[in-house]
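First the structure, in the form of structure tokens, and then the observations on it.
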Amino acid sequence: MADSSSSLHPLCERISHKSYVLRAVDLTILGLLYSLLLYRILHISENDNVWLLAFFCESCFSLVWLIFTCLKWSPAEDIPYINRLNERVHDLPSLDMFVPTADPVRESPIITVNTVLSLLSVNYPANKLACYVSDDGCSSLTYFSLKEASKFALIWVPFCKKYNVRVRAPFRYFLEPLVATDDSEFRKDWKMTKREYVKLCRKVEDATGDSHWLDADDDFEAFSNTKPNDHSTIVKVVWENKGGVGDEKEVPHLVYISREKRPNYLHHYKTGAMNFLLRVSGLMTNAPYTLNVDCDMYANEPDVVRQAMCVFLQNSKNSNHCAFVQFPQKFYDSYTNELAVLQSILGRGVAGIQGPFYIGTGCFHTRRVMYGLSSDDLEDNGNISQVATREFLAEDSLVRKYGNSKELVKSVVDALQRKSNPPKSLANLIEAAQEVGHCHYEYQTSWGNLGWMYDSVAEDINTSSGIHLRGWTSSFISPDPPAFIGSTPTLGLEAIVQQRRWATGAIEVLFNKQSPFMGMFHGKIKFRQRLAYFWALMCLRSIPELIYCLLPAYCLLHDSALFPKGPCLCTIVTLVGMHCLYSLWQFMSLGFSVQSWYVVQSLWRIIATSSWLFSIQDIILKLLGISQIGFVIAKKTIPETKSVYESKPSQGEDDVPKLNLGKFEFDSSGLFIPGTFIMLVNLAALAVFLVRLQRSSCSHGGGGSGLAETCGCILVVMLFLPFLKGLFEHGKYSIPLSTLSKAAFLTVLFVFFCVGK
């Protein structure tokens, strides 16, 4: 293992990114916000009730900025030094890699296959790796795709390691044409490898079109007469690495699993699948560390595992207290640049406190921590304390916590005591693995309070909160190029549905056992880290944002003032200008363009506000016991071009599936009514205001509306520009007549209400 000499340079370092200039900007904006609030308090008696609403909204915005200022105060990240790791550590620890998928229609098997292939080919000894794919849809097509992928992996993995290929997801690598080279052997291998990949894609595509012929194969008998929500446990060893010496031609273990599902049993969606992955991997390979990635999030950096191990193996007094290493999510799609900026700010911000949140993918976990250990349960040397030994390793405690599988209990004991795991024949463990996948296995155990946490559809934030409450820290690494890159849903309903689930799950966390506020007095979490989890309430910001978007229109229609007059108006102008320039600088510092900044501000605000509004509705209905929150799978797609993090593809012969992105998609869902309503109201207000100007019947002195309110309406229309375009588009890019008519009816009511007052 690692050399223990204290004179050696560290395997990783924590780098501070604090900036006194940015702190000054944050405090200036905060000061302007509170000066605006003070002005409204002093002059509230001179204006009508609209100022009360404006005061409420601006108070919410001030609170949000205060929280984010606290989070951004001491940003940091960990920098790994893999060259030092390679020199010192010759017996690397094992790693189990988890890839969950649930629907072969919404999550195409070829996407999952590429993610798996990228993981199997990372720069790490193959005998130290095992990849487990959880299929919650119990799809024979997914299993067939993995079988074919395992055959191609025998070609792909050696090819990547022989030529040190950087991008190890085939569908990304083959976007580039063959580069002219004198190496005839490379040209030959490249063409042969691409030919085999094209064959793989065609086989999967053919099976997708007609999967009935799979039933004739005995290996698919387990999938006969099954339904996604009604089937027995299936565990199949797709490929077993029997070499076991770490040769570059070896391919790591690949295991397919699908837990038992029955209509009348609670399955806890993705969270339950992750806990099944944890149990099965514990039985079969029991690696001390695990990695989980979404099925569309491929490994973009071949050395990503070694980067994470630099943190885990770092010889310092806090090394045993790092529970997980989180890498940021990067995406293909331009509208998700807002997420990239948010993760850069929030990720580095909380990394300087107790550590980043677990965000559900691209995360390396410590198995012992997932089994429920707290930071206080360890001695200085990393071994379990005597008190924790009595609590965790007593026979009755093991069964009560982890279930009645003797094989699993033994593997848990080995993991908690950091015992090495001798190689086993995976085929001999299938029966034991099937046992821990039964519907009733978790009943009267602690699963859900250990492993991945239940009681929220946002399993990542929920689990992260539980880990930090137990006193653990986490690490944030943001390498260049990015460690993982994935896709997001198409613009429109799919994106809003995904954001709605994230927001709903985040709020759920605040009301369950893992809430950082419920554990205010007994948790081991730092105060600023608790405050960081308060971002879960950011979705409540949708209410004041929607109200604020209507206030300029109301004031124009009602001929009342929203903003201060005279010199005091400079406060608003300065505040808006500073915020826009600050936001623009954040985008451009990460390599994004001005156009990208504007487009993202518009699209992200629409998606976030619409989804957050309905997530509040979901939470209210759940708290009232009227309905439960479901888990909706977002549709995953393969992009047609390389992401902003990679070089642009050449126009060449590609047999890779494509995706056409760019426009905002609408449907008749009620999710699009608020945005359409806001856009129409502000257009109507501008029209009424112009008519008044032409008739010279509107006085702009005193407390009436004027240029500031007009500019406010124009700004809102610009933010909701995709809805304005939707009035003139056709097909799925146009606003449906049903949505438009409902929004128009609400607009008429709003206009009559304002004008009639």
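Placed from the backbone N, Cα and C atoms, the Cβ positions cover glycine too.
Automatic prediction, not curation, is the source of TrEMBL annotations.
Quick look at what TrEMBL annotates:
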ACT_SITE  ASP136  active site
ACT_SITE  ASP460  active site
BINDING   GLU107, ASP136  UDP-alpha-D-glucose binding site
BINDING   LYS270, ASP294  Mn(2+) binding site
TRANSMEM  20-38  transmembrane segment
TRANSMEM  50-68  transmembrane segment
TRANSMEM  671-691  transmembrane segment
TRANSMEM  703-723  transmembrane segment
TRANSMEM  735-755  transmembrane segment
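Count of Cβ pairs under 8 Å against the transmembrane segment (735-755): among 20-38, 50-68, 671-691, 703-723, the largest is for 671-691. Around ASP136 (active site), a 10 Å sphere centred on its CB holds 24 further CB atoms from the protein chains shown.
For ASP294 (Mn(2+) binding site) paired with GLU107 (UDP-alpha-D-glucose binding site), the C-alpha to C-alpha distance reads 10 Å. Residue environment of LYS270 (Mn(2+) binding site) contains 22 other Cβ atoms, counted within 10 Å of its Cβ in all protein chains. When the recorded positions ASP136, LYS270, ASP460 are ranked by how far their Cα is from the Cα of GLU107 (UDP-alpha-D-glucose binding site), ASP136 comes first. Put simply, ASP460 (active site) is 10 Å from LYS270 (Mn(2+) binding site) when counted between their Cα atoms. Taking the Cβ of ASP460 (active site) as centre and 10 Å as the limit, one finds 25 other Cβ atoms among all the protein chains shown.
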